[in-house]
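Straight from Swiss-Prot, the features:
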{"type": "BINDING", "residues": "His73, Asp106, Glu169", "note": "Zn(2+) 1 binding site"}
{"type": "ACT_SITE", "residues": "Asp75", "note": "active site"}
{"type": "BINDING", "residues": "Asp106, Glu141, His366", "note": "Zn(2+) 2 binding site"}
{"type": "ACT_SITE", "residues": "Glu140", "note": "active site, proton acceptor"}
Amino acid sequence: MFPTDPVSNLAALIRCPSVTPAEGGALAALEAMLAPVGFKVDRVVAKEPGTPDIENLYARTGGEGPHLMFAGHTDVVPVGDEAAWSRPPFSAAIAEGEMYGRGAVDMKGGIACFVAAVARHIEKHGAPKGSISFLITGDEEGPAINGTVKLLEWAAARGERWDACLVGEPTNPDCIGDMIKIGRRGSLSGRITVHGVQGHAAYPHLADNPVRSILQIAQALMDPPFDDGTENFQPSNLEVTTIDVGNTAVNVIPAKASAAFNIRFNDRWTAESLMAEIVARLDRAAAGSALRPGRAPARYEIVWNERPSHVFLTRNNALIDSLSGAVEAVTGRQPQLSTTGGTSDARFIKDYCPVVEFGLVGKTMHMVDERVALADLETLTGIYETFIARWFGHAAA
């Protein structure tokens, strides 16, 4: 039986407790949907010392011609306090036209809809005029070490090549059809430690308080603004996310203080140029402090996150036009082409082929009582089905 009903597909996926890193039966359920449609399915276990093994899935159907990939994840975030849920988080309960469950929106719902869309397309038109593949990880909500990155490497090593990719993350703020993500800002994180001299709070002249310096350094990182945005991206923004001293004694000046930060940056910067700008700001703040009269520059060190995410923008007109045209045909809305929000696994896929993102409404993702309207599942399936037909029509032209 073809899995043409997104509601049934989603219920089967939600009932699998696939909290990262557990597979929870979700990939097995997905494989059971794809096999009857003619997909060859591979389950790929990725490993890395010091991290949990992660099971992933790659499936492909079709033959020669353009190759369209759908990417996503079956892993979900923890449910939190289960007693706070109005319905069990892995029950796929339906009430008042909505299905409840962890992953309903992020992003088992998107997977369920694309499976249904592909099944409907093949049922109506036969095999695609090319190939369709699913690249599904169990490690998106976690550290993302043994997930999409390694699955892409595995598939590419086998000779897989893709012409375009659609990621089914929830991209719409309010209604299906609001927004398509055509790129993402970069993300860079670091931790700064300022070293001082420990001493008695009553004798500050005998000590060197690093808290004074870390506060000034934190301010220098955030102000002035890094830029005022670009044509396709909002202004780069740095947030200091924590300041830590680890000192419980109120009469002791600490020996060191640290601060962590994250910056989301636009295409005016690379990770490397941004690092240089941040270090220049740190040097100026450390050297010229009115809070440190008569003292040497503050001594600091910075440790960068090992894996910055690079900014990217997709300019593939056939892909974007096929998707935006499908959205408008089904919903009547002209979607906004956006680069807002956080990072996703599209940041890895962009190194292999053009990629865009479109899925459900994200209002309840990661929340207690995460849920999706059944009508939205049908609408998204219709958009995906229309997109498949339009994209293969463009690609074959």
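Keep in mind that glycine also has a Cβ here, set from the backbone N, Cα and C atoms.
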Checklist outcome for this item: Cβ atoms other than its own within 10 Å of the Cβ of Glu169 (Zn(2+) 1 binding site), all chains, total 25
Checklist entry - Which number gives the other C-beta atoms within 10 angstroms of the C-beta of Asp106 (Zn(2+) 1 binding site), all protein chains shown included? => result 26
Item to check | Nearest-integer angstrom distance between the alpha carbons (Cα) of His73 (Zn(2+) 1 binding site) and Glu140 (active site, proton acceptor) | outcome: 6
Item to check | Cβ-based isolation winner (fewest other Cβ atoms within 10 Å) among the recorded positions Asp75, Glu140, Glu141 | outcome: Glu141
Checklist entry - Looking only at DSSP and grouping its letters into three states, which state does His366 (Zn(2+) 2 binding site) belong to? => result coil
Checklist entry - Can you list, in sequence order, the residues of the same chain other than His73, Asp106, Glu169 whose CB lies within 8 Å of the CB centroid of the Zn(2+) 1 site? => result Gly72, Met107, Gly110, Glu140, Glu141, Val167, Gly168, Pro170, Ser344, Gly359, Met365
Checklist entry - Taking each of the binding-site residues His73, His366 in turn and counting other Cβ atoms within 10 Å of its Cβ, which one has the fewest? => result His366
Checklist outcome for this item: Counting only residues outside Asp106, Glu141, His366 in the same chain, those with C-beta within 8 angstroms of the Zn(2+) 2 site's C-beta centroid are Val76, Val77, Gly103, Met107, Met365
Checklist entry - Any idea what DSSP makes of His73 (Zn(2+) 1 binding site), helix, strand or coil? => result strand
Checklist entry - If one measures from the C-alpha of Glu141 (Zn(2+) 2 binding site) to the C-alpha of Asp75 (active site), what distance in angstrom results, rounded to a whole number? => result 7
Checklist entry - Nearest to Glu140 (active site, proton acceptor) by Cα, among Asp75, Asp106, His366 (recorded positions)? => result Asp75
Item to check | Entries of Asp106, Glu169, His366 which, being binding-site residues, have CA atoms within 10 angstroms of Asp75 (active site) | outcome: Asp106
